[in-house]
């Protein structure tokens with residue numbers, strides 16, 4: 001007897017009340033897309049849990065993929081049997097034998113959801129535990145801190161047996177919180193911000209500012225690779241590549257050096273907001289962390305934000321750099337981010353950028369420029385790629401958007 005299904009437990013979704021079914025259906029669809037290569041699996045869901053019926057598919061690669069699906073609190077390999085004491089004993093024994101149990105400790109934790117079942121939970125614990133002890137060597141009982149917790153749940157449709165919990169990614173299913181535009185550079189911070197935004201249920205579309213010939217095709221490929229890594233957690237993602245050279249040169253030539261960084265960020269935000277309206281998103285996500293660099297002081301953020309009323313979400317705002325780097329390593333974006341290819345944020349860098357810019361001065365300097373047609377041209381000339389986890393870079397859809 002082998003494990004024939006995977007039991008999935010929801011996390012935060014259990015607090016969603018009347019909207020829970022919306023979250024559960026979205027999670028089911030996200031899992032189905034994630035596991036589309038496993039053609040024989042079936043997904044069954046109910047209000048408080050979900051099952052993946054393996055139907056002969058290998059469980060190891062499925063488990064690895066489930067670890068990256070937001071909305072899953074934990075999951076376990078499971079076996080199902082009839083609501084019969086002997087069947088439950090044999091199923092629990094088979095579940096334990098699937099594990100390296102010698103020299104380990106265990107306990108049985110039974111839960112009788114079906115009150116028509118003739119044995120109480122404590123009786124099940126004793127009967128099943130005694131059977132496992134008799135039929136195995138090198139396994140001992142420890143009811144406080146066991147190595148193996150044999151969980152038995154007797155429900156009306158059958159009894160389910162699990163032995164090991166695997167923690168999921170947590171959060172909410174991607175797509176349940178709406179859509180946002182992620183301002184994605186080639187650095188460490190913004191991919192982590194995108195990951196955390198998706199963890200809160202946001203579908204993201206990435207916006208990258210590309211300034212050839214000052215930035216290379218390798219820098220562009222680096223961003224594509226970062227988006228591909230993020231698709232591990234959020235599924236297919238659109239990447240909007242904005243030609244930014246003309247805008248950046250106009251600012252560099254027309255705005256005093258110490259204010260050029262602020263005006264550049266304001267232009268980026270204007271363009272991202274225009275793309276947001278086009279894509280019907282409701283927010284903008286950035287990788288800003290308060291106080292890290294000159295453009296991320298509170299005074300700078302205030303002046304930069306002035307160009308839009310759109311909500312700006314900053315998932316990293318309370319994190320220090322070491323925390324961000326550690327999370328980047330965990331999600332697999334760090335090694336891509338540190339590749340030595342310049343992006344538009346590292347060219348034309350002012351020698352001494354203002355950390356407390358004056359809004360009136362920014363307005364004055366920008367009023368001397370005719371940026372509006374350049375911004376509109378950048379939006380209209382934006383190239384859009386669709387990046388997919390399984391197939392890599394998708395087709396170009398710039399003409400459709």
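Placement of Cβ uses the backbone N, Cα and C atoms for every residue, glycine included.
Cβ neighbour count for residue 184 (ATP binding site): 29 (other Cβ atoms within 10 Å of its Cβ, all protein chains included). Per Swiss-Prot, ATP binding site is recorded for 183, 184, 208, 209, 265, 287, 296, and the stated evidence type is sequence analysis.
Per-residue confidence over the domain 'THUMP' (60-165) averages 96 (mean pLDDT, predicted model). If you look up Swiss-Prot, you'll see 60-165 marked as domain 'THUMP'.
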Field: Tally of DSSP helical, extended and coil residues in the domain 'THUMP' (60-165)
entry: 35 helix, 35 strand, 36 coil
